[in-house]
Structures are given as C-alpha cells and as structure tokens.
Amino acid sequence: MGLSIGIVGATGQVGQVMRTLLDERDFPASAVRFFASARSQGRKLAFRGQEIEVEDAETADPSGLDIALFSAGSAMSKVQAPRFAAAGVTVIDNSSAWRKDPDVPLVVSEVNFERDAHRRPKGIIANPNCTTMAAMPVLKVLHDEARLVRLVVSSYQAVSGSGLAGVAELAEQARAVIGGAEQLVYDGGALEFPPPNTYVAPIAFNVVPLAGSLVDDGSGETDEDQKLRFESRKILGIPDLLVSGTCVRVPVFTGHSLSINAEFAQPLSPERARELLDGATGVQLVDVPTPLAAAGVDESLVGRIRRDPGVPDGRGLALFVSGDNLRKGAALNTIQIAELLTADL
C-alpha cells in the first residue's frame, strides 16, 4: 500500500525536480497533492498521466497526507511546516528554516539517517544546504577512517542555487556581451553588462566571492559560509569541528563544487582515501570532477585527491567535489529520506 505524498512548492525549480524524481524512482505513492503560493492555485501539473490541480499551501487542509516535501522558502516553511506536522504529516523541509533547531534532525540520507531521523519530536526533518550536501557523503567516509578535525573550504556555487532569478541573470548578461567578449581579455570595463540584481557584481564571465548575504555579527562571513560550518558539525556529529569557508558564486548554471583541505586526527594517505571512496554510497570517484559532469548525476563526484603538505604527519588531504545542487543538493535527498521513512509510516 502506498503513501499519500504532498509537494509544497511544486511549481518551483526544485519542486519540478521533485516531481520528476518521484516518477523516475517509482516512489510508492497512492496519492499525490501539489501545493504552492496563492498565485499558483488552480494551475494544473502533469504527474503519472494525471493533471493535478495546485492547492494554496496557506489554506489547504493537509489532513490525510503521510509525508510533505517542502521547497517553498523559509518564510513559508516557518509557518506551514508546523501546521502540516500538527495534522500528523511528516515534513521534510528543504529550506533553512529548521536546520538549527535542536529538535529537528538535519539529514543526509547516506550519512546520518539511521542515527538522527527516527527522533523527530516536531514532526519535521531538515534538508541541508546544497553546498554542504555535496561534501557530506565524501567526508563521512573519510571521517569514519581517520577522524576529521578541520576543514578549509572554498565553494564554487552555481547560479541555480539562487533560484530562477540567478539563472535568468547569468543568461541575460552572457547574451548581452557575448559578441564582444574577447574585449574583456584586457579590460574588465570594456563592455557594459546589464545591471546585476541578484548578485553584487556581474556574474557572466566573472566570479563573485560573496555567495549569500553578509551576517551582521562582525565576522565578515556570509550566511552561506556559516551554513557550511554549522551544518557540517551537525550532520557529521562533530560539534567541535573547525570549519573555515569562503563561498563563491560562479557563472555555472547547475553544479556546486568545493575545493576542500581536510585535516584528520590520524594519518590518511591519498591511496587509502581513494580506496575508501571507490564504491562508497552516494559517491563517484573520478579523475577531474566538474559541475558540468555532475549536473543530472545523483552522486557527488570526487577527485584530485592528494596529500596536503600544509598538515604534518600525513594527516591532511586536498580534494575537489562537484554535485548537482538541484538534484542531490535539494530534491533527491528529500525523496531519499522519504523512501527511507516508508518503513516508519
């Protein structure tokens, strides 16, 4: 017997991928309902040969649902996730609204589902940030072998992580200047870009070392930098893990990448790391990971694994990870958690 599933934010970028994956993975759903904001109410979305009418998430009655997959932003999740949970629905939330709540497990399906997901006093499970997500299946394997103590990370985050607005901004700017792009070889001001709205500087043919928003705490960090630290600690179960991150937006449509320098308590050679990662769940070992290769792939791609000479005693590794921020980074992990929950419901 199947479960009754709802997608809140079904008309959005991640919601679209969720709908596709539910079908592709033959999720055991006896009934499916789609929810979004009031402006999408009444719109019809195709699913498994049916036309399903979108409901207003703020006014719809969630009774009868077993699981609701939320990807409608933090403001919606803060209000509606508890309302759905109060109706007996298990909520899996893709926003940042609940990640820091000590009573809400923050789960990556391959990493900490068994340890954390069965205890959910608020009826909510949080999905991590897409940048953190790409690294977790890789780092968990290495942590189990040699105990992770420190991470220094630079991220290379695709514009789809900013939603449809980020995608549109990159495409518009690239189209506007592509005819004379060679002029930028010698002078970054040689061409006039359409004014940026989503980012603080043009994103086409550029990188912007400020992904997210600056946090008003004197640290000089963005919320993306801080998510990387907090979420890595919570997911891996290492509360004292040292994490320094610089999150950068790059002119890539889909696929977040991370350059990682990892320090361990015990020696760990590149050869042993490759042996551990080859065939690990949620991981694909490759020579040169790229975001283009990762787009549309379920696993995190990891490669360029080498000794970090800045860490003594063979306790440091440098590596590069790429992952699809819309697929595993958001929609897929949510659905994998739902699949694992079927045994509980």
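For all residues, glycine too, the Cβ spot is worked out from N, Cα and C.
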Quiz item: Per Swiss-Prot, what member of Asn261, Asn325 joins Thr11, Gly12, Gln13, Val14, Arg39, Ser40, Ser160, Gly161 in binding NADP(+) at one site?
Solution: Asn325
Quiz item: Can you tell me the three-state DSSP label for Gln157 (substrate binding site)?
Solution: strand
Quiz item: From the Cα of Arg39 (NADP(+) binding site) across to the Cα of Arg99 (phosphate binding site), what is the distance in angstrom?
Solution: 28
Practice problem: Go through the recorded positions Thr11, Arg39, Cys130, Lys227, His256, Asn325 and tell me which ones have a CA within 10 A of the CA of Arg249 (substrate binding site). | Solution: His256
Quiz item: Taking every protein chain shown into account, which of the recorded positions Arg39, Arg249, His256 has the largest tally of Cβ atoms within 10 Å of its Cβ?
Solution: His256
Quiz item: Counting only residues 6+ apart in the same chain, whose Cβ is under 8 Å from the Cβ of Cys130 (active site, acyl-thioester intermediate)?
Solution: Gly161, His256, Gly323, Asn325, Leu326, Gly329, Ala330
Quiz item: According to DSSP, does Arg249 (substrate binding site) fall in a helix, a strand, or coil?
Solution: strand
